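Visitor: Sharing a structure here in structure tokens format.
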Amino acid sequence: MVHLTGEEKSAVTTLWGKVNVDEVGGEALGRLLVVYPWTQRFFESFGDLSSPDAVMGNPKVKAHGKKVLGAFSDGLAHLDNLKGTFAQLSELHCDKLHVDPENFRLLGNVLVCVLAHHFGKEFTPQLQAAYQKVVAGVANALAHKYH
């Protein structure tokens with residue numbers, strides 16, 4: 001559960017309505033893989049990740065980034081039940097993919113940076129604070145099934 005004021009929730013959902021999920025998702029996942037290269041080990045099947053340009057131009061990275069932000073959108077629609085919303089993804093990432101749950105926090109922080117870049121002055125410090133609460137809640141929900 002994420003504790004947002006009514007104003008914060010409105011601001012988060014209003015901005016999210018302007019997000020180009022295809023573009024932002026690919027950029028966020030790509031930046032995660034470039035900035036934290038050890039995360040690439042989970043994406044070896046994506047092909048060429050040999051350089052920042054290769055990562056950022058990789059169509060599989062872009063497609064998976066879109067998928068990730070689609071799940072994030074679902075979370076925004078269910079802020080009062082993030083653990084339930086992400087239960088299956090948590091189990092998948094824990095039991096089958098063996099993803100370090102710290103990576104969820106890292107991706108959330110990268111997403112906030114990408115949103116700030118895309119929205120400039122519209123992404124106020126107050127809006128950033130609200131998004132930090134949301135990405136922390138999502139990361140916590142995704143880590144829930146870990147033992």
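Using the three backbone atoms N, Cα and C, a Cβ is placed for every residue, glycine included.
Taken from Swiss-Prot, the feature N-acetylvaline covers VAL2. As annotated by Swiss-Prot, domain 'Globin' applies to 3-147. Residues annotated as phosphothreonine in Swiss-Prot: THR13. Per Swiss-Prot, the feature phosphoserine maps to SER45. The N6-acetyllysine feature in Swiss-Prot is assigned to LYS60, LYS83, LYS145. What Swiss-Prot records for HIS64, HIS93 is heme b binding site. Feature annotation from Swiss-Prot assigns S-nitrosocysteine to CYS94; the stated evidence is similarity to another entry.
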Visitor: For the modified residues VAL2, CYS94, which one has the sparsest Cβ surroundings, going by other Cβ atoms within 10 Å?
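Guide: Checked VAL2, CYS94; of these modified residues, fewest Cβ neighbours within 10 Å: CYS94.
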Visitor: Distance check, please: Cα of SER45 (phosphoserine) against Cα of THR13 (phosphothreonine), rounded to an integer number of angstrom.
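Guide: One finds 34 Å between the Cα atoms of these residues.
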Visitor: Pick the one among the modified residues THR13, SER45 whose Cβ has the fewest other Cβ atoms within 10 Å in this structure.
Guide: SER45
Visitor: Can you tell which of the modified residues VAL2, THR13, LYS83, CYS94 lies nearest to LYS60 (N6-acetyllysine) in space, using Cα positions?
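Guide: In terms of Cα distance, LYS60 (N6-acetyllysine) lies closest to CYS94.
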Visitor: So for HIS64 (heme b binding site), how many other CB atoms are inside 10 Å of its CB?
Guide: 17
Visitor: Taking just the CA atoms, what is the gap between the residue listed as 'N-acetylvaline' and LYS83 (N6-acetyllysine) in Å?
Guide: 10
